[in-house]
Amino acid sequence: MLSPTTLARSSLEEMLESLRLRDNSDRPKDLPPALPSRPPSRARIRSGRWSAQPNFNTDSNSESGGEGQRKENELRVKRNTFWNKKRRKDVNLDSPYNVVAVEGIEGEERMEETGDLEASDNIGYFIEKKLRVWCRQSNGVWISGTIHSTSGEESFVSLANGNVVKVSTCHLFPANPEILDGVDDLMHLSYLNEPTVFHNLKYRYARDMIYSKAGPILIAVNPFKDVQINGKDIVTIYKQKAADKPHVFAIAENAYNEMMNDGVNQSLMISGESGAGKTETAKFAVQYLAALGGGNVGIECQILQTSCILEAFGNSKTSMNDNSSRFGKLIEIHFTAAGKICGSKIRTFLLEKSRVVQLATGERSYHIFYQLCAGAPQALRERLNLKMAREYNYLAQSDCLVINGVDDAQRFLKFMETLDIFQISKGEQDQAFAMLAAVLWLGNISFHAIDYENHVEASNDEALINAARLIGCESHELKEALSSRRIQTEEGNIVEKFTMQQAIDTRDALAKFIYASLFDWLVEQINNLLEVGKQHTGWSISILDIYGFESFKKNSFEQFCINYANERLQQHFNRHIFKLEQEEYELDGIDGVKVDFADNQECLDLFEKKPIGLLSLLDEDLHSPDANDATLANKLKQNLNGMACFKGDKGRVFGVRHFAGEVLYDTNDFLKKNQDSLNPELIELLSSCNGQLPQLFAIKMLNQTLEPATSLDSPNQSVSAKFKGKLFKLMQWLEKTKPHFICCIKPNRKQLPGMYEEDLVSQQLRCSGVLEAVRMSRSGYPTRMTHQEFADRYGFLLLETNESQDPLSISVAVLKQFNIIPGMYQIGYTKLYLRIGLIGVLEDRRKQVLQTGVTKTIACFLTWKYNDEANKGSAFASQLYDGQLTAIIGLQSVIRGCLVRKHFSNSHKLIPSRSKRKLVRENSEANDIPNEQSSAMAELQRRVVDAEASLGQKQQENATLQEQLQQYEAKMKKMEEQLQQSEAKMKKTEEQLQQSEAKMKKTEEMLRKQTAPLQASLAAAKKSEGSATAEVGGRENGVSCLVKEFEQQKQSFEDDINKTTEPASNMNSYEELRKLKRRFRAWKKDYKVRLKETKAIVRKHRHQDSDKTRKKWWPNRGKVLQNCGKSPS
């Protein structure tokens, strides 16, 4: 009897077989490809471990669904493994993933070496056609040229400068046409190889286009300057979907949309070596997500400001980066169902505590120390007895106190403002600064020997006193804790004095503990304020910003841990970009292209292998009393020399071949840094301090001592073991999210804008796996959906549907209807696999149809609503009309009755007096009428009296109107007379004005005639002035002043005359003219007097000059006459 599972599989296979048996010869070429053949090597019978669960559904109606569920379960299990084809029987590894044992698969084939994977990349074609190629020079620089000729395995390439170089044919790579220079997605390159990718990134970098796409990866090249592409205006553009260029904002937008649409947590994985710009990229991602989910302005602002605190306490200057992150962090941003931010959480990893007490030359400690020393207010400096940074041993040991272009004092002020934003009280701030100052003063504590056995004790100097005061204890208590320890024996407690090195290590351990505890406390305060609210849905986007790969001249324990973390993250990248992709293709029967990539699994094995991995051997020596740094190095070489990624070196140095290159590590201080313990005396000292923070730090440490030895928080655990545990937890968290990868590239080692070092960039591109990822995306199927999901989402697009069709048939019909060529998709056992870009076409069509449907639905609804309201309104309008019509008819009737009665009453009032007398006579005669008519006669008499009274009233009103009419006529006549008088006055005024104008013209003519003699006199004066000698040149000013005054007064009088004669002038023309004449006569009189005086002066000086000339000439008269032959008379 067959099991239900076997029946389910058989049913599916029958359907697949029936599809395969269709007549392929009559199929049109545009039909989709046939379903894949199921490999016969797949196990048909479940093994014991795959036996059905007790609650397994055995309903025969769900046969096909059972097979699909089995495949899904199998795929999910395989996704949680590294899915190596060979089972590693000899390797015992720790893994952050839920590993399930997988038996080897029969008939496995070796992975093909694909090279460039593209037939068009065949260099032989380029050699034959002599096309443009890339070749590497001897200095490692790529350069383009055209193939000139070939000779065997060598080619001659003609460069742009005219030179011809000889290059090995195997070192030539095809070049793309120039039209593809600077494309924003490397997948658009016709030829994909290292030089084309390198050249494209360089081309874009030179034009400040720092972001590029490489399939599913965003490449960000650090510009080392502000390129103005990350501001609020750019955020708005991407929020409005107005830009589709590669950008970190676009990656964040994509993650946000997938979270909202699929309900799956997302993660942004930011990788790159130190100085590549990971921290800045993470801040831009946080900035955009805060703008997208900005429902709570306070939380949004606080999330953006976290970087200020974390960078101050966790970043420092290294030889590779002026703002290097010395810790790792994962920022979780949580959202509500409406997509609004409802909280955040920050996780930190492996703060480099040794940097507090030990620095390399040219590096700095954490930024906060220098900011505090440079920018603390005077009151705070006095409370902390704070000095400048150069006065502290911990800071001055590296000879590097400042960073070019960075104002530490200004940044400290911003840091203080950020603390206020996070609602950290002034008291807590003062305590935090006191702890920082205490760390600095601890570094200045010195020790002196007290006996011949090199035992020491702390000196009672300023440093000890200040450190004790800031911590909150007595100086002698701190001195005792730093200089000795108590050992418990059977006889009691024995006090053991420290040696110099022991005392220094104890002092440094206290300083590192205080700083690390303060850092953790600040992170805890931030998380408390950003705590997720009640509206949390479980959706989140995580941003991982962790230290980059490091390789210095001397690499120690910190670099060892940092590079191990980068190896684990690189494996996560390989797993999601390459391994899971190929596993899913194989599992679902898809002919996916296999791409070779640099797998770093062997390097991870070197670190994590048990019992002889690097971490295991390091922890083993930690508990050995005879172990030291030298024995550790020897032990590593003895046990690991056979592993491919390990390299033994001289002395205490060993090497590891990482994915990013080989790094040599010095085991000096490895064991000490890995232990990181604190003496119980120091914990007891802190717990007895009167400060709140030291007590809090001590209590936390005491609580950790109560943890089991296997707990990550236990003090018995080594630093490497704690770090490995936290790293595994991190990877398990990331495995639950949909990753989005951002690869940051460092363009040069000098951190200068515009510089592009080819060897450095090429090395980073090779190590990051960018080329392989692009090849995988180009040849693979990045979009995949189950048959049911595809049918549910796009089935309504079919013009004709049949309810009895299964999801696979519906999916194929949709693809056929839109003429999707077979090469753009493949059909698997459980899913459809689509090429890149195809899902976008289907989504656009879906949105178009939905939009059209929504528009039609809205139109139909509005039409129905209008008709319904019209029907209701017509009945109401009819009732309203009937009521109004009845009211109008009644009103008309009343008005007509009133008019008739009024007309009848007026007719009686207009009866002539003769008729009245006749009526009186008739009335008198009617007295004889019998009594039965008396009542009628009385009524008639009353009406007559009323008519006479009304007539009298009307006559009186008529008389009043006649009187008023006469008054109006009299007023009218009076007004006409006044108007005539006004006209006569105006006519008289016009005549006077004409006379005034005539007089003014006459006066002007007279003025011109009178000024003529004056002008003649001036001319004569000028002439006589011109005949004067140079000695009287100084007296010419008087004449010049008179001439200038004359011209000015002349112009002034002309202007006044013109102004007076203007018709629009409001002045009294006649009176103004009289004033002008009087002013002219006065000026003329005065001017004549001054002119006579000036003439007299000129004549006097002329006679004097003439006499001087005569006197000068007369003594020489004799000589002149003698020369002429005459004697003087």
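From the backbone N, Cα and C atoms, a Cβ is placed for every residue, glycine too.
Note that the coordinates shown come from a computational prediction; the quantities given were computed from them, not determined experimentally.
TrEMBL annotations:
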type     : residues                                                       : note
BINDING  : Gly272, Glu273, Ser274, Gly275, Ala276, Gly277, Lys278, Thr279 : ATP binding site
COILED   : 937-1006                                                       : coiled coil
COMPBIAS : 19-30                                                          : compositional bias 'Basic and acidic residues'
COMPBIAS : 50-64                                                          : compositional bias 'Polar residues'
COMPBIAS : 1099-1114                                                      : compositional bias 'Basic residues'
DOMAIN   : 128-177                                                        : domain 'Myosin N-terminal SH3-like'
DOMAIN   : 181-847                                                        : domain 'Myosin motor'
REGION   : 19-76                                                          : region 'Disordered'
REGION   : 727-749                                                        : region 'Actin-binding'
REGION   : 914-934                                                        : region 'Disordered'
REGION   : 1099-1129                                                      : region 'Disordered'
Residue with minimal Cβ packing [other Cβ atoms within 10 Å] among the binding-site residues Ser274, Thr279: Ser274
The domain 'Myosin N-terminal SH3-like' (128-177): DSSP-derived helix, strand, coil residue counts: 5 helix, 29 strand, 16 coil
Chain residues in Cβ proximity to the region 'Actin-binding' (727-749) (below 8 Å; excluding those fewer than six residues from its ends, i.e. six or more beyond): 80, 94-97, 201, 205, 214, 216-222, 224, 248, 251, 254-255, 258, 262, 264-278, 281, 285, 320, 330, 347, 349, 542, 544, 548, 564-565, 568, 572-573, 576-577, 755-757, 760-761, 764-765, 768, 770
Listed in sequence order, residues not in Gly272, Glu273, Ser274, Gly275, Ala276, Gly277, Lys278, Thr279 with Cβ within 8 Å of the centre of the ATP site Cβ atoms: Asn222, Asn321, Gly548, Cys744, Lys746
Cβ contacts of Gly272 (ATP binding site) (under 8 Å, same chain, 6 or more positions away): Ala220, Lys278, Gly548, Cys743, Cys744, Ile745, Lys746, Gln764, Ser768
Packing count at Gly275 (ATP binding site) (other Cβ atoms within 10 Å of its Cβ): 23
Integer mean pLDDT for the coiled coil (937-1006): 80
Binding-site residues (Glu273, Gly277, Lys278), the one with most neighbouring Cβ atoms at 10 Å: Lys278
Protein Cβ atoms within 10 Å of Ala276 (ATP binding site), excluding its own: 24
